[in-house]
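In what follows, a single structure is set out as structure tokens and then discussed.
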Amino acid sequence: MMAGGNVRFLVLILAVAICGAASVFQPISDSHRSAALDVFVPVDGSYKSLEEAYEALKTLEILGIDKKSDLSSKTCENVVKVLQSSSSTLKDAFYALNVNGILKCKIGEAGPKDIVSQLQAGVKDAKLLLDFYYSVRGLVLAKEQFPGTDISLGDAEAIFRSIKSLSQSDGRWRYSSNNPESSTFAAGLAYETLAGVILLAPSEFDPSLIQSVKTGILKLSDSIQKYDDGTFYFDEKSVDASQGPISTTASVIRGLTSFAASESTGLNLPGDKIVGLAKFFLGVGIPGDAKDFFNQIDALACLEDNKFSVPLILSLPSTAISLTKKEPLKVKVSTVLGSKAPALSVKLTQALSSKSVDSSVINNQELKFDADSATYFLDSFPKNFDIGKYTFVFKIVLDESAHEKVYITEAQTKVPIAATGAISIENAEIAVLDSDIGSVESQKKLDLTKDGAVSLSANHLQKLRLSFQLTTPLGNAFKPHQAFFKLKHESQVEHIFLVKTSGKKSELVLDFLGLVEKLYYLSGKYEIQLTIGDASMENSLLSNIGHIELDLPERPEKATRPPLQSTEPYSRYGPKAEISHIFRIPEKLPAKQLSLVFLGVIVLPFIGFLIGLTRLGVNIKSFPSSTGSAISALLFHCGIGAVLLLYVLFWLKLDLFTTLKALSLLGVFLLFVGHRTLSQLASASNKLKSA
């Protein structure tokens, strides 16, 4: 359940889809808490491993969900078992201490000393980055949980240099000195490990060592990926393809925040990258994978509690504003985990229309604040604010200058907004025109807000014209996303036409003379239906206008016939008819006795071969006696036996292709060992002749 899937490309595609030029990011909410209870489900009161147990408990603890009492019994038994065993691996000891930090299990007096000794020995013998990581971070946890235990690193600077030797010039790190490939994920582990070494060191480090690590961090930050909306993330290049952008970015964030927690490092990161990293994890939504879920929540918790600056996120409960209902624009500002933000003000600096991005409809409008709901709102809009799509540009200003050292915000936050309203439909009419001179033969006024009963008739020499006007509440022309005109014959054959809009007028003219082939020369009654829809149009409609009787020419013999229509439109989704197939009747087999006689005739040559061998006095006196030659000869005879066995299996059950495939492999084997055996026999024979 907790194993991370190899979904890096899937996650990247998802991230690209949610990170557009203007995106809406929501902080962690009750939706995450509800999903966490479904993702982190224990089996019989515990998890498969202590690693899974820690990730589940840590995630639930950050989200404020108390499940410790349900898991403490069996999980603590596993923790105590690991911490009291001298054969436990460094990884198991590390996760056991992590779980113990949450559940506060009863370890016993001997447990802390034994596990500390084991971890200290692990640091001393470590060669791999992961061994350094588990042992050093384990000692940091032991120091926090067992204050009375003597925990120290002998030569901390030497350990620091040993870990530092795995770093690369581009800021990434290797897992071992024998592996030339470097990893961004490993860089996060390395920074966490170095932070632990600094914490456990008995004295301060050489400043040049700290500076060299900070230089590597700057190099690593150069490889950070960025989207147009200011979202930042880290990703692997080649070595560790199992680590996707979520786990890689989370590893780097844990490493940087741990390294910056030490006052001696003096590490600081640009505020835009902190906010960008937070936006990346919030933009993921709710991961379905338990490992990704943990990495998301844990990384956001690290960003909310760090030595740099706490990122503030601007979010909107809804990105649609109804001008008909006169709904206000509502904005909330909080931390990434949804905690309350400090005193601040929110300004709407610009409202750019999709029709004219150069001019702003709203400029430098400060939003009002509702203390009860902790919401900023704008309850009135200028008179020229019309239906359409906009990009609202917000700016957050902290009220107190002291908060600027604690919190960080985006310079500008762009949010897509859709202003909706009721569209006026005027001057709607439908008419039959003469094809030659275009004069109106019959014309009907329409009320598209309700179904009509218009009755028209036309022949193939005439035209049908439909026209109407769409205007916004301010009287501006409105072009809908969808405007379709449908003719449905009494035989259920449908034809759909696109209604084009130019300026304020939407019009469709059907010339039946040019449409007779498309209409399959079907005369008779056609139902008329009009569909108009748009995301900004609150009164989208589907109107049954009426019908028209068409008199079309007879269908030529070679003309395309109309497709068959099902009497039940949804029958296409039902079960298909069963396909019955009659197999060929088996041919009559020969009698059983004849088959047995044929088998005997085939076996007789083999029996004769065996008798001939005994008559010739065949023996194994020339079988090689030396070890190498004997093995080659034995393999050669075994290969021949395998070929004979393969023939038997082919006779009993194998097909021809499988047999030939196996025979080709055995043939190559026999060619090698047979040549070697014959060469050795020839060599032995030459030696006897020369003697």
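Every residue gets a Cβ built from N, Cα and C, even glycine.
The feature domain 'Ribophorin II N-terminal' is assigned by TrEMBL to 28-304. Taken from TrEMBL, the feature domain 'Ribophorin II second' applies to 312-418. As annotated by TrEMBL, domain 'Ribophorin II third' applies to 426-550. Per TrEMBL, the feature domain 'Ribophorin II C-terminal' maps to 583-683. For 1-21, the entry in TrEMBL reads signal peptide. Taken from TrEMBL, the feature transmembrane segment covers 594-618, 630-650, 656-673.
A Cβ distance under 8 Å defines the sequence-distant neighbours of the transmembrane segment (630-650), meaning residues of its chain 6+ beyond its ends; these are 623-624, 656, 659, 662-663, 666, 669-670, 673-674, 676-677, 680. Beyond the transmembrane segment (656-673), the same-chain residues lying 6 or more positions past its ends with a Cβ under 8 Å from any Cβ of the stretch are 632, 635-636, 639-640, 642-643, 646, 649-650. Each of 28-304, 426-550, 583-683 was scored by its Cβ pairs under 8 Å to the domain 'Ribophorin II second' (312-418), and the highest score goes to 28-304.
Note: the domain 'Ribophorin II C-terminal' (583-683) comprises 79 helix, 0 strand, 22 coil (DSSP; helix = H, G, I, strand = E, B). Helix first, then strand, then coil: DSSP counts for the domain 'Ribophorin II second' (312-418) stand at 5 helix, 58 strand, 44 coil.
Across the domain 'Ribophorin II third' (426-550), DSSP classifies residues as 4 helix, 76 strand, 45 coil.
The average per-residue pLDDT of the prediction over the domain 'Ribophorin II second' (312-418) is 91, rounded to a whole number.
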